[in-house]
Amino acid sequence: MSETEREDERWTPPIGPIDPEHPECAAVIAEVWTLLDGECTPETRDKLKQHLEECPTCLRHYGIEERVKRLIAAKCSGEKAPDSLRERLRIQISRTTIIRG
């Protein structure tokens, strides 16, 4: 097992503001999927990217989510989730992040 794989096994997703210098981490993590899916506004995209450039923990979380997205795309290509399901999932992810934060 490589060092990166061992680090991934030990890593747990950030919950809430984890860095006093970056109190917006919980909101960024809640919106990572909108950035990955290209579903955020240009203004939100710029804010998220700026935060990711400044916050190594959120950048790491983003990288893991990006890998998950690629894996799902490779295994489930061709089918798109209905809009209603995507919206319910987005709301649930936001609620989970807010509750934990």
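Keep in mind that glycine also has a Cβ here, set from the backbone N, Cα and C atoms.
From a predicted model like this one, the values you see are computed outputs, not experimental measurements.
For 1-20, the entry in Swiss-Prot reads region 'Disordered'. The iron-sulfur cluster binding site feature in Swiss-Prot is assigned to C25, H51, C55, C58. The phosphothreonine annotation in Swiss-Prot covers T96.
Locations of recorded Swiss-Prot features on the structure.
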| residue | record | CB count, 10 Å |
| --- | --- | --- |
| C25 | iron-sulfur cluster binding site | 22 |
| H51 | iron-sulfur cluster binding site | 19 |
| C55 | iron-sulfur cluster binding site | 21 |
| C58 | iron-sulfur cluster binding site | 23 |
| T96 | phosphothreonine | 12 |
(request) Kindly assign C55 (iron-sulfur cluster binding site) to one of the three DSSP-derived states: helix, strand or coil. (result) coil
(request) Could you round the CA separation between C25 (iron-sulfur cluster binding site) and T96 (phosphothreonine) to a whole angstrom and send it over? (result) 14
(message) Tell me the Cα distance separating the residue listed as 'phosphothreonine' from C55 (iron-sulfur cluster binding site), rounded to the nearest angstrom.
(response) 21
(message) Using the alpha carbons only, what distance in Å do you get between H51 (iron-sulfur cluster binding site) and the residue listed as 'phosphothreonine' once rounded?
(response) 21
